[in-house]
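Reading through the structure tokens given below for one structure.
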Amino acid sequence: MNALKERKEAFVSGLEGGSIAEINLVTTVALTAYFGWQLLNRRLDSVPLVVDFLLNWAGLLLSITVYANDPVLLNLLIAVPCIVQLQILGRSSQRKTQPQKGKESARLGLDRKPFITAYRGGMLIITCLAILAVDFPVFPRRFAKVETWGTSLMDLGVGSFVFSNGLVAASALLKQEISGQRPPLWSRLVSSVRSAGILLALGVARLVSVKGLEYQEHVTEYGTSWNFFFTLALVPLAMILVDPICTYVPRVFIALLLSVFSEYLLQKEGFLQFMIMSKRDNFFNSNREGILSFLGYCAIFLLGQNTGFYVLGNRPTVNNLYRPSGQSWQQNRRQRLSAWDKWTSVTPLAGLLAWFFITVALFQLTMAYHPYTVSRRFANLPYVLWVAAYNLGFLSMYCMVDSLFNLSQHSNNVPVTLDAVNSNGLFVFLLANCLTGLINMNMNTLDSTLTVQIAALFGYATVIASVAIIMYKCRIFIKL
């Protein structure tokens, strides 16, 4: 048993990752699947659930396993049949969900947008698939988390999870601005502590189970006692301290300051050597990766919040490009607005594209002068900018798909599998972690045949998708 544990730990250690271009191509499968589903949905009364699963779960599973070396072919295999089917079916004489223009609410508020649900659902699915697939040889080692420097699919996944949480968290800030009512500090603190308490409990449970069951662990990922649940729990608590500052300083600047400070520490003489080589003889030394990377994850969360300011509302608000606003730009345009106010009051797509190009430029500039490269282990400045640029870019493309199909912000044209996962995101993520542990404890993942590996992964995906769909159909929503 110990020998197998050591083999499994070695299997995910010392890795160097792959190229950003390949990661983009592989994850584009999620976007292609969403596009294909929308094509079919325009012609069918309803897209069969099996087709939905094959597109959004099986397609992503194949992209990180069997078709990992040829993602372009897989994208074509998904898109072309959907287009052919579209031509065979022809245009339906009656469509059930054509957007009705002119019925937009005159009242400023938040609306559920299909592209955000699809983006978050796809991100959660590929994250859940990867945390088990990484233990099988069919999952390329370049997609697994790197040891220290480099980029990989799984490195992107953890950052995207935090970015997505930040985007959703922006809704509470927007509601406060729109209503003009801000809850007292103690109320926000109690709410954050309650949510953090559940995540901390999950983190402790994972820690105890890993140590008690002698489950394989990758110490340089977060440390000997730290895990991702602790990071998820503490980030919103840290935002309670940051929020008062954000009244005067935009979140984007605070995010950059946190990342620059982290970068300053890493480039101080001797600090990087300490982070990589030091003994793990006390709590700080033992968990130094989790503690230092916390600054970077806070920065990513803040950038996600900033994104929510211009994508969640039902119309552009004044200066929503960089701050939460409850003033509708349409209501204020009759007044004399400054050029700055006009340029920074944007639609979702305009805001996403603006920040995408800014972030890509900052990333390229940083990489040109940075002595090292991206590091998820330390969540350094290049990592923060890479995660932000990726998510902004893919959100832009999801938004373009909605525009192409003329989906209104009130429409519910979202694949059930994506909506189901998105509705119970953290619970699904927890379920995936538990199933991953059970499978690893009862199966030799390293020596399985290709057929057994694919069968196990498809079975795992089917169970998670089924649980999510059943909960969704039964209107069971668990907010952890």
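Cβ coordinates are placed from backbone N, Cα and C, and glycine is handled just like the others.
The transmembrane segment feature in Swiss-Prot is assigned to 47-67, 70-90, 114-134, 153-173, 186-208, 228-248, 252-272, 291-311, 343-363, 381-401, 426-446, 450-470 (among others); the stated evidence is sequence analysis. Summarising the annotation, Swiss-Prot assigns N-linked glycosylation site to ASN406 and lists sequence analysis as the type of evidence.
Sequence-distant neighbours of the transmembrane segment (228-248) (same chain, 6+ residues past either end, Cβ-Cβ under 8 Å): 158, 161-162, 165, 169, 185, 188-189, 192-193, 195-200, 202-203, 206, 222, 254, 290, 293-294, 297-298, 301-302, 305, 323.
Touching of the transmembrane segment (343-363) and the transmembrane segment (252-272) is ruled out by the presence of fewer than three CB pairs under 8 A, sequence neighbours closer than 6 excluded.
The transmembrane segment (153-173) makes contact with the transmembrane segment (381-401), as judged by at least three Cβ pairs under 8 Å among residues 6 or more apart in sequence. Long-range contacts of the transmembrane segment (426-446) within its own chain (CB-CB distance under 8 A, at least 6 residues past either end) are made by residues 4, 7-8, 11, 124, 127-128, 131-132, 135-137, 161, 202, 206, 209, 213, 215-216, 453, 456, 460, 463-464, 467-468, 471, 478-480.
Other C-beta atoms found within 10 angstroms of the C-beta of ASN406 (N-linked glycosylation site) number 11, with every protein chain shown included.
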